[in-house]
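Q: Here it is, the structure in full.
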């Protein structure tokens, strides 16, 4: 029977098992056709490579008396696909006559393996460059995070490529670099060379202009495209939003018809969030759900940020429920967003509970948890997270520093700062601000000034955060005038620096100076915050300015939309009690949405003692002892109040009650003792 050798040779392309291929190889050997039939030998060689039997392929290659470019290219491709860079390069360099395909094959293959620099060197040696390898090298640099090198290759290459994919890739590199000038030059080249303006090129230009701030140019490019893709529209919306031009962003978003593409909705929602229009973001999210458009990870990240900025716990929990149903809670970006959202909604316990249920963490999430644990007094948990972190960033160290400082562990914060120095970590303004605050809490003037000297050495002496922290530091050390001098030197004050100086005045008893500074602050155009009013009310309390305190307490909510916190109520209760307005103090306690603590009752009791209100005093003592049955101070003050008014019998009864209940008066102490 005559064998159709050509038929069998062609059938090698469809071989599914290596055994079948080897049988055909043996058949060709028996028929003696391999030494003379280069085409058949090449097909057998290609079969071995496709089946990943490179050793058999290499043996056959060595036995072939004749070889052509296809033979060499087959071996190079086989070793590249098996990730054997050295073998592929050895074959390439040994190849007597390299054709254009050989160069394309080895350069693009090496770049796919991540060997961008090796591919780049071969590209430079390539005798006749083409758009395929140029695009591969540029794309390789972009993918490996080297966009500057990508642009440099394009700029230095003598090949005048008008390939839209090459141009789109290099425009993408300009986008990553935010290099608007370079992007404009490439755009000009496209126009001068009459390059066909397709959707790929148009999208790349719109994205580049949108992200680099050339938003009007992006809009112009969009108007020239007949077929606009969703990525381009999304980029333009994001560009307008980043410039604060939300009306233009809305115009593009709504267009002729509302898009069903989730990317476009995400861009609009994120735009609202970045422009502090959280309510609009949530309204658009609700509309998105009405339209039946499925959320993705990016949607939840933006919506959670909006919930956090509003502090709306009810809506936040509903979004959390949506994320659970969608199955994205364990995604690190969404999980981090949820944790931050609960923290901003002042529900750190919910954030901690969610964290305990997660299965995966990254450095960003763990940094957030250090801050959250620290903020709710769970310092041991914060330290545990910090100590067990597999990878710490400077933010991790700074978060732990801030946590220790805020929780009164000044010595531990200073020890941690010393450790950072010994490890030669990059100290930044946040590190220095936290450790200066730690010095302030122990009134260590000398140590604080030494740390400020370090800030000066690294060029941060004029930094706004450092300056604001120093104002607070000097005031807490009792050097109020020094703090004020530094405050006056701050070139660009913000709410934090004003608040630091206000608190400095208030806590040191400079009430009138604090109120004068508050007036100056408002005249300068700064909007008061919760901290501002804490300082103002504290100043009124110290100076006994009842009318002024009452005015600003009620102005908080009605004029500035700030709900008074427990610290504001505490200031007012103390102010009313000192001034003898005990009825008003009690009325405020009854009205406030917080549970009255010991310090507030103690303030009213001091007022009762000072103004001789024995009936209310008895009631307050009862409330204080309910909170703390062994509170001797309350009984002593009540006894003293009776004694002052000459009611010795009542005073003795209180003392007897203390003895009967075995409540001992706290021992007094003197600076002269010991």
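Including glycine, each Cβ sits where the backbone N, Cα and C put it.
In TrEMBL, annotation is done automatically, which means it is predicted and not curated.
Here TrEMBL flags 68-98, 99-133, 261-295, 362-396, 494-528 as repeat 'PPR'.
Please situate the listed features within the shown structure.
A: For the repeat 'PPR' (68-98), the residues of the chain that approach it from at least six positions outside its boundaries are 38, 41-42, 45-46, 48-49, 52, 54, 57-58, 61, 105-106, 109-110, 112-113, 115, 118, judged by C-beta separation under 8 angstroms.
Among residues of the same chain six or more beyond the repeat 'PPR' (99-133), those with a C-beta under 8 A of the stretch's C-beta atoms are 69, 72-73, 76-77, 80-81, 83, 85, 88-89, 92, 139-141, 144, 146, 149, 153, 157-159, 161, 163, 165-166.
Sequence-distant contacts of the repeat 'PPR' (261-295) (same chain, at least 6 residues past either end, Cβ-Cβ under 8 Å): 230-231, 233-235, 237-238, 240-242, 244, 246, 249-250, 253, 302-303, 305-307, 309-310, 315, 322, 326.
Beyond the repeat 'PPR' (362-396), the same-chain residues lying 6 or more positions past its ends with a Cβ under 8 Å from any Cβ of the stretch are 332, 335-336, 339-340, 343, 348-349, 351-352, 355, 402-404, 406-407, 409, 425-426, 428, 431.
In the predicted model, residues of the repeat 'PPR' (494-528) average a pLDDT of 91.
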Q: Mind tallying the repeat 'PPR' (362-396) by DSSP state, helix then strand then coil?
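A: The composition, in the requested order, is 26 helix, 0 strand, 9 coil.
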Q: Reported in the order helix, strand, coil, what are the DSSP residue counts of the repeat 'PPR' (261-295)?
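A: Output for the repeat 'PPR' (261-295) reads 26 helix, 0 strand, 9 coil.
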Q: When the repeat 'PPR' (494-528) is classified with DSSP, how many of its residues are helical, how many are strand and how many are coil?
A: 27 helix, 0 strand, 8 coil
